[in-house]
2 protein chains.
Amino acid sequence: MTYRAPINDMLLSLNHGAGLQAALKAGHYGDFDADMTAQVLEEAGRFASEVLAPLNTVGDRNGIKLADNKVTTAPGWPDAYQRWTAAGWNGVSGPEAFGGQGLPLAVNAACTEIWASSNIAFGLCPLLTLSAIEALDAHGSDELKNIYLEKLVTGEWTGTMQLTEPQAGSDVGALRSRAERQADGSYRVFGTKIFITYGDHDMTDNIVHFVLARLPDAPAGTKGISLFLIPKFLVNADGSLGARNDIYASGVEHKLGMHASPTCTMTMGDTGGAIGYLIGEENRGMLCMFTMMNQARLGVGLEGVGIADRAYQQALAFAQERKQGRGIGSKTDGMDPIMVHPDVKRMLMQMRSLTAASRTICYATAVALDIAARSPDAKVRTEAAARGALLTPIAKAFSTDIGNEVTSLGVQIHGGMGFIEETGAAQHYRDARITAIYEGTNGIQAIDLVTRKLAAGGGAAVWALLDELNGIVKRVEGSNDPAFGTTGAKLRDAVDALERSSKWLLEKMASAPNDALAGATPYMRLFASALGGCMLANEAMAARDGEGDSARYVSVARFFAENIAVQAGSLERTVMDSAEAVLAADSALLG
Amino acid sequence: MTYRAPINDMLLSLNHGAGLQAALKAGHYGDFDADMTAQVLEEAGRFASEVLAPLNTVGDRNGIKLADNKVTTAPGWPDAYQRWTAAGWNGVSGPEAFGGQGLPLAVNAACTEIWASSNIAFGLCPLLTLSAIEALDAHGSDELKNIYLEKLVTGEWTGTMQLTEPQAGSDVGALRSRAERQADGSYRVFGTKIFITYGDHDMTDNIVHFVLARLPDAPAGTKGISLFLIPKFLVNADGSLGARNDIYASGVEHKLGMHASPTCTMTMGDTGGAIGYLIGEENRGMLCMFTMMNQARLGVGLEGVGIADRAYQQALAFAQERKQGRGIGSKTDGMDPIMVHPDVKRMLMQMRSLTAASRTICYATAVALDIAARSPDAKVRTEAAARGALLTPIAKAFSTDIGNEVTSLGVQIHGGMGFIEETGAAQHYRDARITAIYEGTNGIQAIDLVTRKLAAGGGAAVWALLDELNGIVKRVEGSNDPAFGTTGAKLRDAVDALERSSKWLLEKMASAPNDALAGATPYMRLFASALGGCMLANEAMAARDGEGDSARYVSVARFFAENIAVQAGSLERTVMDSAEAVLAADSALLG
């Protein structure tokens, strides 16, 4: 089966769950026309179904090839990429001055989900270009922008992010690639980078690498890192391509999934050093990378949502088609589709509700980032920036955690067929697995949530959010709608648990920071369970107040509350009670 | 790194957590000598480290080949299999009259974990032979036993189990392979079977297939299925091999994992029908298959334990070696091993404690089955049989669920390296995934737990077990050992939640069976969380009362109680509150 973008679900999530409609009404989006959203998503869904989805299996089976330092992508991929740029999809939220459409991030977030859902390995390439655009736009000189930015925005050229080295993964400050100043103001860069996504490929005639390296006189650690733009081919004054630069793909990884996305070892300096141009100031490269990373983290979260939705669509179709056994009280002759079995229904609902909650969390992050960039009111911008910063690690970690869970349920629903590669369920399971790791492991996201985002302003961003969540809970409780079942009570408990845990962690951050770190991961899950539950209830109420079919959204919200949000209480106990056992682990692990 | 069997952990689990020592003292094991256990496990561990573990990657990379209906296994596998049988490992718990050693199932359970841990794809072959032995020993004629049983017990020949057909997976009764009676009392069997593990291979010169088929005049459904023994090569009167039988591997699957284990499509009847011999009575084949399945389910549970332990060992070694970042308050120069980070400690403890709990649940199942077979006291045998029946679905489902969780954590701890196949962490993740599916999906195990095992005798087996668990909780509470933290309180809550949920489900089974089915999977997890938590606490107390290092076992028990058992309360709410949302799922899923 092919992929179909769930446009209605996405619009409800975007407009009501994530608050796009309210933000529009409040005037934060200026003259952006809301009617365009549905139209863009429809078009994106069509492109994804027709062009990207059919290449997903092709890419997995063929993978990529490296020969003579050149990467060849799977059959059909370069052509699909040409169609992608021709249709303008690369520049949805790119700056209008450089060939972009300037649409809100929130709209592009929904598109990003669609690309990841239809073909996650393909969608990863423009995701990285987007981060590169962000860094160049924010920190690059006018000269560099004039040469490179439009090419990146339109997608005529792609971008890479090059941080990792064998000894420098999560600890970026340990990197050793070095840059030497040249008389003409450029730099020569030497070193080896690993795990470079789309480090080389045959889909465009140039690639713009964004590389972290260290100057000879730089301080140690993250304070001595500079960011360089290194084109694969140098660019002549007239914009034509010049000499091949000294940066090459010298190896590719054999990976669990994402076979169609080349993961390269990049070597710089075999023939005199790669010519690079400084972005921002010397030794301030980490600042530029942080700009890139925030967007990239949200993008990876959306990969989690997308792959989860794809796995759900496939499992649902299988469960409707595959006949085994009979339901209790079944009146049919012969076997029933496995979807009649309550345990299969449970798995499908779990897939659907986890996906829906993570979708809204991601979209809400994008809306916050939009408001932070667009609102005319400085106070509103500041608060929205804090909200976006708070939600980013949750969007990344929760969505990719559930991406793994949901794709696993997708395999499970297929039974024995799920383990056979031909079925395709296993590919989603394999492809999803990296998303919880790259752009900062989910453990690092949880630590970011506790030590930076919760801690900022004594928890100010969290208290502001809790106010809104409490408002939602009150409205659910006040609705007296029996279809919500115990949703109100479950969300009330979850939000209270989130509040108590947040206070406890803030206090421990000061008195016993390792205790707080020990609870970071369960706190992340607790946060997402309470937040996601309230968001789903909020959009279910909006659906009920509008036209159209609302029963399904109420069911999804109720299922999430009674099965996922309900775990908040035990997660709170884990946050508060288990630090001692975690920190004493050495005796248990090394005995 | 290679695999090292965790002998001390296994012995503590077997003797104290699983109750082998108490059963020995009570005389249930007759003259079995307890001192042998450690010796057998030491030898098994040595064989696994030296012979099986080094072939695990080889098997994954090379996979198997099918040509001219013949399967070739990976380099080194036939030789390793010869060494396996020569060392007597195939017959550890096999009947002594037919060349086995007659050791307790509990001892073989520990060995099975070791085989799965060192090389799960290899260990799967004898696991299936074991089930075949079981069925032949229990239901075969003396004539068939005399020809085949010793060969299977020693492993000179291997066995297969052939149930599945394209339209008959979980619903075995839908199978269509047909058998025709012959004048000489034998049968001719025709049909196609799929997903047949080790359906063909080059490790032995004969294979004994156990095939379900239907006689022409058989009733529909499971009441019309007969079991046939079909040798790959017919056996002459003098025991030498005769003509090639009409059963062939006609295809092999391309799978997510377990690449070294051939999963075959088997075709019977291209040249006149496969000659088969009836096992048991006509149309009573399901009875024989149930005999095979119970042991096989425990065996698959032990695969979950084994693969989890292997992933844990590898992740622990990586976390001690890989340096990134610095711990809070670290006094070292430069980077620390990632194991200093509380979030990494948490992941390792989760891996270790889930593995330990599932191990003891599996071993306890084996001890119960042993007592049911060996005790001189009929009442003891009956109660032990009920205990074994109750624990089997939990052993299978929980151990394989955590097998997936723990191997995923293993990938996560490796960071980006975890996604690279070279590292090996990804192989465990891939290999583990089938264990939650085959031998009855975990959903089917949960349904079996609720509808058969809980329901039997009005819950008698559950109440008897709860008595024991309450006794353990009292001892933890009474111990006043601060190292246990909140373990006593957490286990008390978990056991109470288990009791209430069990009563609720029993009641619903009568009044609203679909409500009970909707809660089967969360009930299964709740059951295992309470049970595993009590068992780990029990063995920690035994370790404390003995000599040797007990701090590590107390830490593991405490971690499990505060992080896993603590979820029982929310699982109870899910069991009781979420049936309505599950059963109303159609509106949400099909909108």
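From the backbone N, Cα and C atoms, a Cβ is placed for every residue, glycine too.
What TrEMBL says about a protein is an automatic prediction, not a curated fact.
It should be emphasised that the depicted structure is a prediction, and the values quoted were computed from it without experimental measurement.
Feature annotation from TrEMBL assigns domain 'Acyl-CoA dehydrogenase/oxidase N-terminal' to B:39-156. Residues or ranges marked as domain 'Acyl-CoA oxidase/dehydrogenase middle' in TrEMBL: B:161-269. The domain 'Acyl-CoA dehydrogenase/oxidase C-terminal' annotation in TrEMBL covers B:283-449. Among the features that TrEMBL reports, domain 'Acetyl-CoA dehydrogenase-like C-terminal' is placed at B:468-585.
Tallying C-beta pairs under 8 angstroms between the domain 'Acyl-CoA dehydrogenase/oxidase C-terminal' (B:283-449) and each of B:39-156, B:161-269, B:468-585 places B:39-156 first.
Broken down with DSSP, the domain 'Acyl-CoA oxidase/dehydrogenase middle' (B:161-269) shows 7 helix, 53 strand, 49 coil. Applying DSSP to the domain 'Acyl-CoA dehydrogenase/oxidase N-terminal' (B:39-156) sorts its residues as follows: 86 helix, 6 strand, 26 coil. For the domain 'Acetyl-CoA dehydrogenase-like C-terminal' (B:468-585), the DSSP-based tally of helix, strand and coil residues reads 104 helix, 0 strand, 14 coil.
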